[in-house]
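S.K.: Take this structure first; my questions come after.
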Amino acid sequence: MEVPMPESTINEDSKIFKLPEILPIMPIFHTVAFPKMMFPMDIVGNRFIQLVDEAMAKDRLLGLVLTRKAPSAEGPLCQCEDLHRVGTCVSILKLAKQAGEKAQLVVQGLARFRIVEFLEEEPYIQARVEKIEADILIKDLEIEALMANLSTLFDRVIKLSPFLPQEFAAMAKSIQEPGDLADIIASIVNASVEDKQKILETLDIRQRLREITLIVNHQLEILELGSKIQSQVQEDIDKSQRDFYLRQQLKAIREELGESDENRVEVAEYRKKIEEKMLTEEARKEAFRELDRMSRMHPASAEYSVATTYLDWITSLPWNERTQDNQDIRQARRILDEDHYGLDKAKKRIIEYLAVRKLKPDTKGPILCFVGPPGTGKTSLAQSIARALGRKFYRISLGGVHDEAEIRGHRRTYVGALPGRIIQGIRRAESSNPVFVLDEIDKVGSDFRGDPSSALLEVLDPEQNFAFMDHYLGVAFDLSHVTFITTANILDTIPPALRDRLEVIELPGYTQDEKLRIAERYLIPRQREANGLTPEQIKFTRGAARLIISGYTREAGVRNLEREIAAVCRGVASQIAEGEISSALISARDIHRYLGPVRMISDARERISKPGIAMGLAWTPTGGDLLFVEATAMKGRKGLTLTGQLGEVMKESASAALSFIRSNAVKIGIPVDFFEETDIHIHVPAGAIPKDGPSAGVTMLAALASLLTNRTVKNDLAMTGEITLRGLVLPVGGIKEKVLAAHRAGIKTIILPKWNRKDLEEIPSKVRKEMNFVFVNDMREVLNIALSRK
């Protein structure tokens, strides 16, 4: 950095210096010249050298003026309009020419001038100028304060700046003229040329002092901030050097004592673990590569802990450690029957897998999906399967999972990265062939972080999961020996590609008799023990259990049933603890004392009391249920109103039913002109619950026919089926759940589509015997059976 050197003394003659009327103008771009200052200049180009030569031949005077654009080496030296109008006249003290059209000048500032007009532009600029005389200023307290403050600030700048010599501070304090002090400091400080030109053009000395004070103060703030940053950096460097020095000393002390280096010990331990672990070849190479990286790191570095965490995961996974499967099929069957009543289809599939495994030991594990309402034993059955197989059990819940990294893990580049939940589960199971339950697979979500269901495609595909790639591990892990069991309430929300990889086993709701046996065999003993009671202290009669099932619960599973049994057990436990009784035999008459009045009263038959009401059957994620359809007519203009939160499919079914009745009005017994001045309103009660699906078509049509023919639908009859405009009755799903719901409600007759006859095989024989099933193919058959005679 070139710093202008002020004169050691202010030449008094400069105050009476006479400025020529015409001056040669040299444009300058990177600096601003001030009076009283002496500084070197480098010039390049023949025209600049020619300008200086002519000035040297005359009076050695030049006008230095700041230009807004850099002077051109070719063409005009500068456009006149680019020049500022205030400059400094300087005297050339020394000229030293150099090779290559270069020269160096030493000049001294004499006085400010203002350009009056430009006279010539070629070969260089000449202008008529006038001298700017310095104001006569009488020092007052404000001027003295401004000068003192400026000198103090400048002194602090000198101390903080590595490029400015300390002599400048003493020189500034020796200057008595306010204008000279402002000019000299402006030429020295590291300010922009625009700011310096502003100081040059400020003729009011008081204002000039204020302006240069602001500039110096800003420069001081920058220097102080830089000094603070430098101090912090130096402290960090000193601490690092100190830590390094202490570690080296500690290392030397340990060597003198014969102790091994901690890093070497840890590396040796990991090497031993890797060699002893039965890793795959790919995993072994990756582990040794990471170990080699770790051996070159300092134990205090962040990367060192990342490497140790990775090696901990690699060496703790059960790469080839498996449990021995139970080959005794009879014992496995006994265990399954001990833990669960019914569920024959799921048990049969597990026994088949065991049989195949016994004949072909290297067979891959099945990927099952248990689908059914809540409380039907999906998760507990998976635990029972693990016990029957003699395997470890692990479960993760996928409900609400939105991040793909939950399945595949995070890449090691991220802070706090870990493997996904699949690999974490395998590690915790400590076996490469556990029974692995993915609970609530139908409730997996997706968002901007990825789609977990897509990541599960690799996990649940037997053709791919032998080389499952977790992002954190970075090596393939064999999942083909894992028995994956997924659970869901419905299949509709599972993506088709994922559903295709699952072997679906439906676990429908239980019948009343099945619930009774489950309560007697499992629920009552479990709650009795959970509440600290013995078999002698509490007993349930069969009538009491039946009343709890029918009067206090209405569900496909047995979860609420167990809660009600637990409530009775707690009530008895309270009485025994208070000394009121020593034991209790719970009969049907006693239930209301513990559970209150009966909550579930079947009013299905009473609800069908007049024309326009029909009873249908619905299937929901929680099991089957009754669905009532109500229809009414009023004067209007052939309008159809649908209420009850119906979905699009149900609305279309209602429109199809009305169109069928209108097109077959004569056959059904309805006047043809009846619809011309009539509005129809169809309502499905429980309006707060959204409803959709095609299976209510026959129920809607029956309700409309009942209304328009003024014939009631039989009150012990329910129906389900999809309809077409031609009156055909098409098959629907969920037959078992719907039939069981009707059976619980005491319905005796059910109308089913003809194509659903095959589904009766899944219904317990006791239920089939107690109910009458009518299979139809056409809506006319439905109306003949469902509508009572006039």
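These residue numbers are counts, starting from 1, taken along the chain as shown.
Cβ coordinates are placed from backbone N, Cα and C, and glycine is handled just like the others.
What Swiss-Prot shows for this protein is this:
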type	residues	note
ACT_SITE	SER695	active site
ACT_SITE	LYS738	active site
BINDING	GLY372, PRO373, PRO374, GLY375, THR376, GLY377, LYS378, THR379	ATP binding site
DOMAIN	23-220	domain 'Lon N-terminal'
DOMAIN	608-789	domain 'Lon proteolytic'
S.K.: So which one is it: of the binding-site residues PRO374, GLY375, GLY377, which has the fewest other Cβ atoms within 10 Å?
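M.R.: Selected from the binding-site residues PRO374, GLY375, GLY377 on minimum Cβ neighbours within 10 Å: PRO374.
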S.K.: With an 8 Å cut-off on Cβ distance to the GLY372, PRO373, PRO374, GLY375, THR376, GLY377, LYS378, THR379 Cβ center, who else from the chain surrounds the ATP site?
M.R.: PHE370, THR487, ASN489, LEU507, ALA556, GLY557, ARG559
S.K.: What's the CA to CA span in angstrom from SER695 (active site) over to GLY372 (ATP binding site)?
M.R.: 19
S.K.: Mind checking which of THR376, THR379, SER695 has the fewest other CB atoms within 10 A of its CB? They're the recorded positions.
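M.R.: Counting other Cβ atoms within 10 Å of each of the recorded positions THR376, THR379, SER695 gives the minimum at THR379.
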S.K.: Compare the C-alpha of LYS738 (active site) with the C-alpha of each of the binding-site residues GLY372, PRO374, GLY377, THR379, and give the closest one.
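M.R.: Its closest listed neighbour, by Cα, is GLY372.
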S.K.: Output, ordered by sequence, the same-chain residues six or more apart from PRO373 (ATP binding site) with a CB under 8 Å from its CB, or 'none'.
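M.R.: PRO373 (ATP binding site) has long-range Cβ partners ASN489, PRO508, GLY509, GLU555, ALA556, GLY557, THR620, PRO621, THR622, GLY623, GLU737.
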S.K.: Just jot down the residues in the same chain as LYS378 (ATP binding site), at least 6 apart in sequence, with C-beta under 8 A of its C-beta; none if empty.
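M.R.: Listed in sequence order: PHE370, VAL371, GLY372, THR487, LEU507.
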S.K.: Taking the domain 'Lon N-terminal' (23-220) alone, what is its mean pLDDT?
M.R.: 84
